[in-house]
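This report refers to the structure that appears directly beneath it.
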Amino acid sequence: MANGIKKVEHLYRSKLPDIEISDHLPLHSYCFERVAEFADRPCLIDGATDRTYCFSEVELISRKVAAGLAKLGLQQGQVVMLLLPNCIEFAFVFMGASVRGAIVTTANPFYKPGEIAKQAKAAGARIIVTLAAYVEKLADLQSHDVLVITIDDAPKEGCQHISVLTEADETQCPAVKIHPDDVVALPYSSGTTGLPKGVMLTHKGLVSSVAQQVDGENPNLYFHSDDVILCVLPLFHIYSLNSVLLCALRAGAATLIMQKFNLTTCLELIQKYKVTVAPIVPPIVLDITKSPIVSQYDVSSVRIIMSGAAPLGKELEDALRERFPKAIFGQGYGMTEAGPVLAMNLAFAKNPFPVKSGSCGTVVRNAQIKILDTETGESLPHNQAGEICIRGPEIMKGYINDPESTAATIDEEGWLHTGDVEYIDDDEEIFIVDRVKEIIKYKGFQVAPAELEALLVAHPSIADAAVVPQKHEEAGEVPVAFVVKSSEISEQEIKEFVAKQVIFYKKIHRVYFVDAIPKSPSGKILRKDLRSRLAAK
């Protein structure tokens, strides 16, 4: 209060009414709550082999996996790492871990050994489920009594086969009492700054997030039991895990799983299985809009195309509409720490609303958002850009073993600060303007500058370094480095030094040699200055 006048707080809610959410249920109980209605309908389909499991089979195997995990000694609250590409077994183990009262941390199988070890150790993983091809990356972890299970037909020496889980006796699963605030998923995110951190998502949080999308008389994201949902985005990413797999399980829709994206294969599967919903990301949109082969396939079954993970330009939106004239197209918006969905396009609702091109939707139900002035911290009215914050039951519990970063992200009033600059127009639609946060988005994947900077300055010929995003037509953004040399070193040597230690999307694309890295008096890198230099090049 200043001068006796109370400041107005501008809060925004969904156009849809709040709903009752069964947030007392564990995640698996919630997702399978209506399984009797869909028991014999297709639930999981492997696009490569046509292997199909119905809902009753998936629910049963989830209980078998829970029993198998218990038999292997995994206790309630302990961690399983899924180091897998998209596959049916991913869903089995994720849901089975929920039944066991365990926690799943997901990791990109293309990570280098050091990246996997760092996450597995930070998360406290006791069991890793993976492919035989990736086992050699886990030698260090196996020497520390981490059990490795492979889903391949012939497990490597020292590993167990997935059948120890999927063929266990489901009646032998010990009963566990799961509290709504217990953690069920532990994806890793770089947050608004710094190194990757474990995001604690609870049963209550994920149940709330799924409900905000697909529950209610007028679901914001209308999935039904006749739908076939394309699952081409990686399940180790929370967007696909939540808005595809979990939402489909809850709604009784079939999930068609592709291990990796290939445009021709994708179009063949859309035609063969009459895919109705296609969640994608901007790089896939780019492939679709630039390829002439789309017209050779019948894609008329597609009724929804939803894009997330990174902003999409109006030109790409328009080009996509030309290729899929019968589909409703729109964007959502989220971040891992928000569970991940903050906003969803109301064009996807059962009773849809008109939406504007370029909008990433309106805030989900049962939540509030506000826009804060990035200088003063005051909440802003419509049509003024500032940092978007969200408060609701779906947001993370916090970062694991990192109270400092948690406090910097979720304030005392429960608001999650996203680090994204956006505005809300008069129709409550959200538009992304910029990012306050430092994270680089390469094809939707997160790249933390601090992680690459730590690698760079570890080189004896590099005195100082800073990493910032540079715009790129296909990837959206790529990491580029500004480097201060302490002795002679070439751009190529620096690129190779980093590439040996990181996954493909973290590779440095350009190196600019400078005399000094601009920093604030407190020593913080002035990334805006470096981005301005790039813009001027």
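Each position is counted from 1, following the chain as shown.
Glycine is treated like the rest: Cβ placed from N, Cα and C.
Annotated features in Swiss-Prot:
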{"type": "BINDING", "residues": "Ser189, Ser190, Gly191, Thr192, Thr193, Lys197, Gln331, Gly332, Thr336, Asp420, Arg435, Lys524", "note": "ATP binding site"}
{"type": "BINDING", "residues": "Tyr239, Ser243, Ala309, Gln331, Gly332, Thr336, Met344, Lys437, Lys441", "note": "(E)-4-coumaroyl-AMP binding site"}
{"type": "BINDING", "residues": "Lys260, Lys443, Gly444", "note": "CoA binding site"}
{"type": "REGION", "residues": "262-331", "note": "region 'SBD1'"}
{"type": "REGION", "residues": "332-399", "note": "region 'SBD2'"}
> Taking the center of the Cβ atoms of Lys260, Lys443, Gly444 at the recorded CoA site, which other residues in this chain have a Cβ no more than 8 Å from that point?
Replying inline: Leu233, Pro234, Phe261, Val281, Pro283, Ile284, Phe445
> Should Lys260 (CoA binding site) be counted as helix, strand, or coil on the basis of DSSP?
Replying inline: coil
> Taking the Cβ of Lys443 (CoA binding site) as the centre, how many other Cβ atoms fall within a 10 Å radius?
Replying inline: 18
>> I'm trying to understand the geometry here, so how far is the Cα atom of Tyr239 ((E)-4-coumaroyl-AMP binding site) from the Cα atom of Lys443 (CoA binding site), in Å to the nearest whole number?
In response: 13
>> If you count other CB atoms within 10 A of each CB, which of Gly332, Gly444 wins among these binding-site residues?
In response: Gly332
> Cα of Lys441 ((E)-4-coumaroyl-AMP binding site) to Cα of Gln331 (ATP binding site): how many Å, rounded?
Replying inline: 16
>> Please compute the mean pLDDT of the model over the region 'SBD1' (262-331).
In response: 87
> Given the binding-site residues Lys260, Lys441, which one's Cβ is surrounded by the fewest other Cβ atoms within 10 Å?
Replying inline: Lys260
> Rounded to a whole angstrom, what is the largest C-alpha distance between any two of the residues Lys260, Lys443, Gly444 that the record assigns to CoA?
Replying inline: 15
>> Give me the long-range Cβ neighbours of Ser189 (ATP binding site): same chain, 6+ apart, Cβ under 8 Å, in sequence order.
In response: Pro196, Lys197, Val199, Met335, Thr336, Glu337, Gln446
> How far is it from Gly332 ((E)-4-coumaroyl-AMP binding site) to Lys443 (CoA binding site), counting Cα to Cα, in Å?
Replying inline: 16
>> Distance check, please: Cα of Gly444 (CoA binding site) against Cα of Gln331 (ATP binding site), rounded to an integer number of angstrom.
In response: 13
> So how many other Cβ atoms are close to Met344 ((E)-4-coumaroyl-AMP binding site), meaning within 10 Å of its Cβ?
Replying inline: 30
